[in-house]
Amino acid sequence: MSAYLELQGIRKQFGDANVLNHVNLKIAEGEMVTLLGPSGCGKSTLLRCVAGLTEIDEGQIILAQKNIVHVPPRNREIGMVFQSYGLFPNMTVSENIEYGMKMRGASKEERRKRSDELLAIVDLEDKRHHYPRQLSGGQQQRVALARSLAVQPKVLLLDEPLSALDAKIRKSLRTEIREIQKRFNMTTIFVTHDQEEALIVSDRVCLMNKGNIVQEGTPEAIYTTPRTEFVARFMGSYNVLTRPEVLSLFGQVDSGSESFAIRPESVVLLSEETRSEAIGTGKHIVDGTVHSTTILGNVLRYSVLAAGVRLTIDALNDSRSLRVGQNSPVSIALDASRLLHLEKEGA
Amino acid sequence: MENVKKAGWTHRVVVTVLMVYLLLPLLATFLYAFAKEWQATILPERWTLEWFSQLFGDVRFLDALWKSFYLCAISVALSLVVMLPAVFVITVYFPKWESFMKGIVVLPYAVPGVVAAVGLIRAYSQGPINIAGTAYILIGAYFIVILPYMYQGIRNSLLTVSAVDLLHSAELLGATQTRAFINVILPNIWPGIITSTLLSFSVLFGEFVLTNMLVGGHIQTIQVYLYQRLGESGHLASAIAISYFLFILALSMILMKLGQKMNRGIEG
């Protein structure tokens, strides 16, 4: 992969705390990369370092073959959208969008033309003379997006752009952002703490923890093959098991790992008939009791206690799904090939 | 704001009581300033403009009013010129210093006026900076008196508009820091600045203890003048109080109007 933006050994300390530990990252032109992680993992700091809003202690930032570490933010040709929108309240929508072009000395006609184009793209043509406070949160964020695209930056940085919006707007805007990013073939770094958002919008996900990128890969790879316990827990709903727990469920295990993970949909809840069918298929059948059942729309989520281990099990919520009350005895089928062997943290 | 609930009668009563409490003394002063004889009746028996004509006939009154005005104006302007960039720099670039600054700016509250005045006179009546009894020491003291109002006012306006985010947005769009400050930060914090300026001005205009002790014998501000003539006649003092109240009122209204004009984008 030829890197358009390359971060080499970025280190940043705030006081005694290491916020970024020699972070390396290569991003290809037109790629959308997500920095995902819990709050305080350093993802926003990394983004601000790329923008030049935070100085780095060590490392190189190469953008289009040029080291930009000592270039001030205004000359980096990097656009950024903030969680709090950062729109100028004293300017109208079109004045906001044209501000960057004005600073770069573009003519009035040029500015007008470009802002009209962008307003059409973000679907806010009728709001050009409105002030930011007259717009909804979603509209304001679209203006912010248009404003940062107006100056044709080399890289677009999105710092949790959807976190301040309500769920419905968040879902539609993330699709819109992805479409616009593809349309402009814009090299983009998207920061979020929401794993669903990350999986949906990005070409590549970098999961960060404690100032390191702990795993990176396609959304598919990150979701299906978490490397460590942290990744498995963060990507959500994985059953993370210790070695003794795995031994009590499977009887034996052919690896030296200390921790394991299994997806809730790979465990099957058995009824009396299906139990007899399952015998002899090579699956491990364990008896247990249902602790609770939750309906998550099209999915039923059971919490089952089997062989002293609490497991989450997901099943499609249809006519065939098992309706079982609390504390009813059930059996579950476990497939040893679905068990993921996790590496030690930091390995 | 369509869904604001209509105020119930309890709310009205509370507001009315508060207004009466605040305005009654003012009304009494107002009436007293126009009263010729007012002893055994609810309202004055006879009215007169005598006190006002006496007041405005006195050169010292207009002189004191003008002196107060320009001393306060200079102090507030000076404070604005120093504090605006200072608070901006602290809030944006050195947020760690904030807690320290917060402590510093409330010091004027902690030191009683009399103590401050005595200390200042002692410190500045000898040595290299011998300015006791002059307007300079007064302006210096005024600067300190309004420090808390100016600091808090400017800081709160900066925080309210998330100045740091605005500044960063502008910088990433290619603006220099100075340019970003002028066309993005300043227009947005203006309403807050006007309020702190007005508040500071009114506080200084009504200041007496420090003024009287520092420069009472040399410079006659409106408060010093008021104090001197208080003994002569209550009616006259009322007339002075009313005149200066109206003066401040007019000044505030002009400044407010000015602020609104500059911010049609923000309020509107």
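Cβ coordinates are placed from backbone N, Cα and C, and glycine is handled just like the others.
Caution: TrEMBL annotation is automatic and unverified by curators.
Within its own chain, the transmembrane segment (B:12-35) is flanked in space by residues 43-44, 46-49, 51-52, 234-235, 238-239, 241-242, 245, which lie at least six positions past its ends and keep a Cβ under 8 Å from the stretch. The feature transmembrane segment is assigned by TrEMBL to B:12-35 (among others).
If you look up TrEMBL, you'll see B:65-255 marked as domain 'ABC transmembrane type-1'.
According to TrEMBL, the transmembrane segment annotation covers B:68-94 (among others).
For the transmembrane segment (B:106-125), the residues of the chain that approach it from at least six positions outside its boundaries are 131-133, 137, 140-141, 144-145, 147-148, 209-210, 213-214, judged by C-beta separation under 8 angstroms. As annotated by TrEMBL, transmembrane segment applies to B:106-125 (among others).
Taken from TrEMBL, the feature transmembrane segment covers B:131-151 (among others). Away from its own ends, the transmembrane segment (B:131-151) comes close to residues 71-72, 74-76, 78-80, 82-83, 87, 101, 105-106, 108-109, 116-117, 120-121, 124-125, 196-197, 199-200, 203-204, 207, 210-211, 214-215, 217-219 of its chain (Cβ-Cβ under 8 Å, at least six residues beyond either end).
Among the features that TrEMBL reports, transmembrane segment is placed at B:189-215 (among others). Using a Cβ-Cβ cut-off under 8 Å and counting only residues 6 or more beyond its ends in the same chain, the transmembrane segment (B:189-215) has close neighbours at 68-69, 71-73, 75-76, 79-80, 84, 113-114, 116-118, 120-121, 132-135, 137-138, 141-142, 145-146, 149-150, 152-154, 156-158, 160-161, 163, 221-224, 227, 244, 248, 251-252, 255-256, 258-259, 262-263, 266-267.
Residues or ranges marked as transmembrane segment in TrEMBL: B:235-256 (among others).
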